[in-house]
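Engineer: Below, the features straight out of TrEMBL:
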DOMAIN    A:17-225  domain 'Tr-type G'
BINDING   A:G455, A:P456, A:S457, A:G458, A:A459, A:G460, A:K461, A:S462  ATP binding site
Amino acid sequence: MRIIDACATSAAPIKEHGLLRVLACGAVDDGKSTLLGRLMADAGLVPEDQMAAVAGAGGEDGFDYALLLDGLAAEREQGITIDVAYRYFATARRSFIVVDAPGHEQFTRNMATGASICDAAVLLVDARKGLLPQTRRHAVIAGLMGIRDVILAVNKMDLVGHDENVFRAIVASFRPHADSLGLDVRSVPLSAALGENIVHPAAAMPWHAGPTLLDLLETLALAPRRTGSLRFPVQRVSRSDPDFRGYQGTVAGGRVRRGDPVVALPGGQPSRIRQIVTFAGELEEAGPGEAVTLVLDREIEAGRGTVFACPDNPPACVNHVVVRLVWLSEMPLGTGRELLMRQGTDLVPCRITALRSRLDVVRMAENPATTLGANDIGTAVLETGRPVVVERYGDNRTLGSLLLIDRLNNETLAAGMVVEAVNAAANVYWQRFDTTTADRPSAGRQTPAILWLTGPSGAGKSTVANALERRLTAAGCHAYVLDGDNMRHGLNRDLGFSPPERAENVRRLAEVAHILADAGLIAIVAAIAPYAQDRANARAIAKDVPFYEIFVDTPLDVCASRDPKGLYRRARQGLVSDFTGVGAPYERPQAPDLRLDGTAETPQQEAGRIVDLLAARGHVPAA
Amino acid sequence: MLDATGAAPPASQSTDRFALSAHQRMLEAEAVHVLRETAAVFRRPALLYSIGKDSSVLLHLARKAFYPEAIPFKVVHVDTTWKFREMIAFRDAQACALGLDLVVHTNHEGLAAGISPFSHGAGLYTHAMKTVALRQILDRLGADAAIGGARRDEEKSRAKERMFSVRAPGHRWDPKMQRPEPWGLANTRLLEGETMRVFPLSNWTEHDVWAYVRAEAIPVVPLYFARERPVVRRGDSLIMVDDARLPLAPGETPQPMRVRFRTLGCYPLTAAVVSEAATLDAVIDELRSSRRSERAGRLIDGERADSIEAKKAEGYF
């Protein structure tokens, strides 16, 4: 598209409001392509030969503005927009890049891709249908991708008799949704087919004194984005001659000034900026979005993937990242695939270690999930093969965004946004100490072990653990109970009951049990641990410490009738979600080291059988 | 790629750059970023040089991107032998002035078979002398990436093109195979036999190109400026008689007319427009008031509604 006639007056038009990248979205059939075609045609931006080409194809219903846009043959055949298209136009007041996103639910991923580069969104609604689930989905995704300014365009007003009440009701119904997403909403009633309130005000809607869609787009003021501290991901090292080593890249945050100290991450080698080189001459400084070449005052180890940063406020350099993923591939998220992470200027092997949840985009709820399919949005934990320099998406879009790529077929599987950099074991090394378990005074009459009592809530795990701890302590053995519920009051109080959170709960219990055993104690864990995989992980964490899985096998109906904490009752009333045995499964151990029949024996008898096991394996003296 | 921080680069301290608007600086930085990505991740990229205004801008941006280093790619021109003579003269002058590593390639089998715009029709001619020729030279150079000056505003099917566009073995383009580029972040990995087409000017418009040519004083072929030239009228099109090879109908004589070209290609297939715009400023003013699209002068585009898409699928740029 080209420059509107209106700006032909000046050789250098004043773009008083700068460039606006705007996403056009909304449910399918709400008339988006027609709207955009009309916007450009009414603004005088469509060349005559293109208008002529479409006029021939419009058929009997007259001129089809949508045909000005849908670009691929498959789209014209199906009459829908599949892929994201980019439209360019400028008026006297502003330049625009309109990112035209498809409305079909199965193309949500394309919509997210389009939203990723936009400052604002036009969300289209059919006045006859009001807000559809897909409308809400688009609003949520726009919000997730960081768009704050939304224009709610209520289309097809001519088909509801230009009724103000219809418009007001739709605007009001969107308000709570927009508020929960933190969106700043402006609204306009319009008809794309008739060209009402697109560029020209509509005589049929005198009750709308506000601006037209083009007015809104031209005057939308965007909140300035924080630039933060210096971030410069190195794209390429230029060694044009032996004396020159320039680091080419684009400033991704903050400013770089000649003479400034910087650190190179990962690694953290310090240096200073000696020169900022460009074709047009050396610069004193450069800011976000500027592509420059940096020369440092000393030789350091840096290459593609290195990030130069402000030493006072460096970004995280980690092996674990919590990310929000938009799944793009038709192949669902599965285990065992070799992945690459493309982030900043880096490309790193990685794997997904946990899937925390999947987002119900319409209800805005995070639900437990075992996989993600095409167009799903979920939260996962990534582990990278070496440390990566990342920031939260909200803090830095460049270091906070990533792609997941299938290492074998190179398919782009997912787009990710960093929720949190997990400062796990990055740059942390295992320190050896001389004192061993056997040297400790606590190594009295017992040799360490981990006893894991598993079973549904109310099975009697804590009661048995209590009896066992008393018996062992009385016998001069050092033992300690880690009770699942008690641990959730402290160490694990940040965890809920979704499968990934249960997995983390078990992991922490197992790590603490391992520490206690390393200190020489017998660690007794009483925790439901309903998933076999989690229990297997706990056994793996125990490493060389003997680990005994003890199944407190009390039938669910007995547990429920005991119901010591009233939880079964509350779960059945729907007051407790994800409750094991009611709303969540319990996977019975297939080969426990010891099975206790929770209905046949007293807790004291059961504790006695565990002591017998420990004695038989040499952990405690025989009674 | 669009700047992921969302910020347009602010005006810097250097005096030269005040000429560029914030929008132009954003477009320039984005193109430079894409060119550097290409140099960093591909083994043997090549820059496709068509001699037109977009190519001239692309060359200029490549010089900027790698300065003080020379442009680290071969510069490839596919010569159909039917280009305007002024284009070839301009090409050779530029190659000399800028020290380009220029490779000129012609499909000699096509030439030997006598394929011309007149003997075989524009469609077959374009396929043999442009599309096939391009595939030949990319294969011969072992180029795993080819950088071109195509823009999304040129044509509807280009509006959906990626900055980094994967081509299957045989240089074939499958619109369904294209990879998403959220945040302008590109997956540039290739399997055996695949290649990449790279379009650093994706987000530029025709106006942006001209405004940049003016701001940066980039040399362009004089054919873009109005001058009296010998033309014949063929249907709605004005065709310049650039040499004696253009077959003239009985009684058809070239008329001198003040014309210029909005887009440049093979002279028998590129229509001139009547114009008085003899300077850069006049061209930009004319562009603002024009009601015709840029590619309307390309006779090969109009054959079918999805014509460019079909040609791209075969490996056309």
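Just so it is clear, glycine is given a Cβ too, placed from its N, Cα and C backbone atoms.
Please treat TrEMBL annotations as automatic predictions, because they have not gone through curation.
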Engineer: Can you tell which of A:S457, A:S462 has the least company, meaning the fewest other C-beta atoms within 10 angstroms of its C-beta, among these binding-site residues?
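Structural biologist: With the binding-site residues A:S457, A:S462, fewest surrounding Cβ atoms within 10 Å: A:S462.
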Engineer: Mean pLDDT, the domain 'Tr-type G' (A:17-225)?
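Structural biologist: A mean pLDDT of 84 is what the predicted model shows over the domain 'Tr-type G' (A:17-225).
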Engineer: Taking 8 Å from the centroid of the Cβ atoms of A:G455, A:P456, A:S457, A:G458, A:A459, A:G460, A:K461, A:S462 as the cut-off, which other residues in that chain fall inside it around the ATP site?
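Structural biologist: Close Cβ neighbours, site residues excluded: A:A526, A:I528, A:V552, A:T554, A:C559, A:G598.
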Engineer: Under 8 Å Cβ to Cβ from A:G460 (ATP binding site), same chain, six or more residues apart: give me those in sequence order, or none if nothing qualifies.
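Structural biologist: Within the chain, A:G460 (ATP binding site) has Cβ neighbours under 8 Å at A:V552, A:T554, A:G598, A:P603, A:E606.
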Engineer: Would you mind pulling the DSSP three-state label for A:G458 (ATP binding site)?
Structural biologist: coil
Engineer: Determine the most Cβ-crowded residue among the binding-site residues A:G455, A:P456, using a 10 Å radius around each Cβ and all protein chains in the structure.
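Structural biologist: Answer returned by the neighbour count: A:G455.
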Engineer: Excluding near sequence neighbours, so keeping only residues 6 or more apart in the same chain, what lies with its CB under 8 A of A:G458 (ATP binding site)?
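Structural biologist: Those within reach of A:G458 (ATP binding site), by Cβ under 8 Å and sequence separation of 6 or more, are A:T554, A:V558, A:C559, A:A560, A:R562, A:D563, A:P564, A:K565, A:L567, A:Y568.
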Engineer: Please determine which of the binding-site residues listed here (A:A459, A:K461) has the lowest count of neighbouring CB atoms within 10 Å.
Structural biologist: A:A459
